[in-house]
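Student: Okay, here's the structure, questions in a sec.
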Amino acid sequence: MAKTASSLVLPIIFLVMFALVEQNMGCMAVLGSCGVITDCSGECISRFGPQARGYCDRDGGSGTCVCVYPCPADKPHM
């Protein structure tokens with residue numbers, strides 16, 4: 001009995017963990033070049049609301065302005 005119960009613990013932990021992660025994921029949008037958009041955070045807030053976070057992903061060149069924001073209820077998570 002103890003062995004059966006312990007073999008169920010790990011799958012249950014993973015199910016709970018993945019259920020919580022899905023609820024906390026947001027949406028993401030790429031706005032353009034950080035060379036053109038000088039205030040990436042401000043632009044994200046103006047487009048997606050006060051809970052949006054913007055940052056410049058400097059993967060090369062002038063970088064890319066990326067926004068992370070809460071998904072609308074009708075839009076699926078990524």
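Each residue, glycine too, has its Cβ placed from N, Cα and C.
Below are the features I grabbed from Swiss-Prot:
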type: SIGNAL; residues: 1-23; note: signal peptide
type: DISULFID; residues: Cys27-Cys71; note: disulfide bond
type: DISULFID; residues: Cys34-Cys56; note: disulfide bond
type: DISULFID; residues: Cys40-Cys65; note: disulfide bond
type: DISULFID; residues: Cys44-Cys67; note: disulfide bond
Student: Distance between Cys27 (disulfide bond) and Cys34 (disulfide bond) at the Cα atoms, whole Å?
Tutor: 20
Student: At 10 angstroms around each C-beta, which of the disulfide-bonded residues Cys27, Cys71 has the fewest other C-beta atoms nearby?
Tutor: Cys71
Student: Give me the long-range Cβ neighbours of Cys44 (disulfide bond): same chain, 6+ apart, Cβ under 8 Å, in sequence order.
Tutor: Ala29, Leu31, Ala52, Arg53, Gly54, Cys65, Cys67, Val68, Tyr69
Student: Quick check for the class: what is the C-alpha distance, in angstrom and rounded, between Cys71 (disulfide bond) and Cys56 (disulfide bond)?
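Tutor: Rounded to a whole number, the Cα-Cα distance is 20 Å.
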Student: Ranking the disulfide-bonded residues Cys34, Cys65 by other Cβ atoms within 10 Å, which is at the bottom?
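Tutor: Relative to the other disulfide-bonded residues in Cys34, Cys65, Cys34 has the fewest Cβ atoms within 10 Å.
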Student: Minimum Cβ neighbour count within 10 Å among the disulfide-bonded residues Cys40, Cys56, Cys67: which residue?
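Tutor: Counting other Cβ atoms within 10 Å of each of the disulfide-bonded residues Cys40, Cys56, Cys67, the minimum falls on Cys56.
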Student: Can you see whether DSSP assigns Cys27 (disulfide bond) to helix, strand or coil?
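Tutor: For Cys27 (disulfide bond) - judged by DSSP and reduced to three states - the answer is strand.
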Student: May I ask for the distance between Cys34 (disulfide bond) and Cys40 (disulfide bond), taken between their Cα atoms and rounded to an integer number of Å?
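Tutor: Taking the Cα atoms only, Cys34 (disulfide bond) lies 7 Å from Cys40 (disulfide bond).
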